[in-house]
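Asks: Annotated domain 'ABC transmembrane type-1' per TrEMBL: B:83-297, in sequence order. Marked as transmembrane segment by TrEMBL: B:20-41, B:48-67, B:87-108, B:120-140, B:171-193, B:246-267, B:279-298.
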Amino acid sequence: MTTNKGMNAGLPRRSVLTGMAAAGAAALMPRRIQAQEQITLRWWSPQSSPEQLAAYRTQIANFEALHENVKVVFERTSDEGYAPQLAAAFASGDVPNIVTHLPSFAVSNYWRNGLLEPFNDVIEMIGPEKFYDGVNRIYEIDQGQYAGTSIGNSAANMIWLRRDLMEKAGIDKNPRTWDELLSACEAMQGGGIYGAPLPYGRNSMTTLIFIGVIHQAGGMVFSPDLDVAIDSPETRDALEFYKAMRQYCPPGATNYSWGDSLTAFVSGACATGIYTGRVLINVANQNPGIAEHVTCDLYPTKSADIAPWTFNDFPSVFIPKQAGNMEATKQFAAFLYDPEGYIQQLHAAPGHVLPVLKTISNDPAYQDNEIIETYSEEVELMSSAAANGFNLGWESTEHQPNTKAGEVVNSGVIAEMVQRVVLNDENVDAVLGETATRIEEIMAG
Amino acid sequence: MTAIATDPPRSAVSSPLERAYARLGVLLIAPTILVFTLVIVYPLLAAIYLSVFSIYTPTLQGGFVGADNYVELLTGKAFWNSLRVTLIWTVGTLTLQIVAGVGLALLLHQNIWFRSLARSLVLFPYFLSTVVAVLVWKWLFNDLYGALNHGLMQLGIIDMPLDWLGSMPNAMIGVILVGAWKYFPFVVIAVLARLQTIPENLYEAARIDGAGPIARFWDITLPQLRSVLTVIILLRAIWDFKEFDLLYLLTGGGPVTSTQTLSLLVYQEAFGLNQMGQAAAYSVGMMLVMLVFMVLYIRQTKEKA
């Protein structure tokens, strides 16, 4: 006969059985209960300059202080890389909890495919009355259901100018039309300085900027009913203007994206620039010598009777439907608008991401910023331009929301059109016809 | 007349020990077969399966389309254009890798000063992360601040900065050069190892016969390197053919689609256009082309064996 020495050593059988039962019960305890004890939320954003990262750290720390069992991890993505990264994340089910600063047209595409959690609860937590009128309209793709909301506004195609170079070239006013811009570039180019850093690369910047140029010619990519309307005389004019501008751009503009174009102006290599208000903080940090000469305006149009068209990508916030810990995720999404952290985030690049809450714009803490004070006129102009801005997902107030806009942008078909006409000198009619067909295929797909 | 005794069938005589060994053999090889199935057979079959569907990448939902994706592959321009670009890139960069690799291996085989240090340093590009290497090269190629344009302008070779990565044929030349720089150390290592095993008496005999350095290279060194060079060329051809990160980071496939290789086309289709089925069809097409290299490699290694 064998005996259990352990038991004989002093542990009664009842105690052992009780212990085993307790251990078994603990092992069988639903994991969600354990998960409530320690939660990790993943936050993705393509906006991650050092100043913005510092602001995010504040927001994360403040939220974690309020919720001891929550840990928030920030993960960078990029303007060019978010689409494939999110596609892979959705396909694998390994999604972030919250994604910020992606353009609104990306959000509508994901919503249409049933990949997002309705954002109504978060908007309610923030307070719908605090938002500027119309901010959430673009996210209401289905009646009464919000796919996300804006974390800010942006005016991405402002023209940036150097007053000192304009004065030196005898230019007394900001260019309003394309002809005036071409003349100004001609006058300011020289001595190692180029006229403009327009993008001609095969990337999203070229696509998004050129969509603006089509509108600045009075055209559009889609009709209000979302029929493809890119094959038009206005697009031909836009291509002609873009081709004419090539001689005033640095040789490497054929490969420029957002960062290259920004740096070309900020470094002083180009007399004009095309970007958001991020220019201001970059000039202040990287080239303060030109800071007092920098100003911005609405990008010129083909003629003075065509109204300017500002590209606003409506930097967004949304929550993937597959994300875990939904309650905590929604609380964190709403917390991003908490004044302390939100204002620090906006101050990270003043004028780059503009507030969408009236309460923040009027907050003295937001106004209390050296750059916003110094460039108050420019910030005001960008704010009003962004408020009246559009993008491919919503080309005008007449347009229906275009849930395929993200795929059109990511396909690169418009950037390719620009490259084929401007760089390869291919036949415009043939290229436009093929481009229209390809966009129709994407819309049908 | 006597009958000739024949061996009974083997199965009939296999002993319990032999059967146990056979079972053990199956058991021992099973993990390898399992891993092989999971990491090679399953993805391969999955790609073929996906290629007959139209699938939206983020949801992996879609419908059966039969051979439509292959019809698009055969009749559309995208695949053939990318195949042409891939072949130009592969041949271009591989040729440079071989020439530079053999040349440097010959140099490092000589009794030169700091030979050990040089042999270590030559591996540097191969060890460097592709992302870091591309960042450095993009800076060198930069039109406004790049050292390359600056140097050429200082030397008076060019008047204005060259657009290295945004126009053709410069973009293709640029990626080929960077690819050759990044991967030639592999050729150096392999060739150097083989050079050290060539018997010295072959060279002595050739010298006695009056052969100069060039004759010795063509008549002794190159024939001796032939087998290793064949394997290197086949391996590097396979690796270069499917190169992705270096090209994607340097040019993104542009201008237009001038440097868009098959790998970039598959990526663009799968994640830019979210058409996973069409991307799978392209990757199956790519795999069939690579199969030619594989067959050649297997035949070559068999011959060697």
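Just so it is clear, glycine is given a Cβ too, placed from its N, Cα and C backbone atoms.
Whatever TrEMBL says is automated annotation, not expert-curated.
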Asks: With pairs fewer than 6 apart in sequence excluded, do the transmembrane segment (B:246-267) and the transmembrane segment (B:120-140) have three or more C-beta pairs that lie under 8 Å?
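Replies: Yes, the stretches contact each other.
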Asks: Counting Cβ pairs closer than 8 Å, which of B:20-41, B:171-193, B:246-267, B:279-298 has the most of them with the transmembrane segment (B:48-67)?
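Replies: Comparing B:20-41, B:171-193, B:246-267, B:279-298 against the transmembrane segment (B:48-67), the winner is B:279-298.
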Asks: With Cβ-Cβ distances below 8 Å as the criterion, list the same-chain residues six or more beyond the ends of the transmembrane segment (B:279-298) that contact it, or say none.
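Replies: Here the qualifying positions are 44, 47-51, 55, 69-70, 72-73, 78-79, 82-83, 231, 234-235, 237-238, 241-242, 262-263, 265-267, 269-270.
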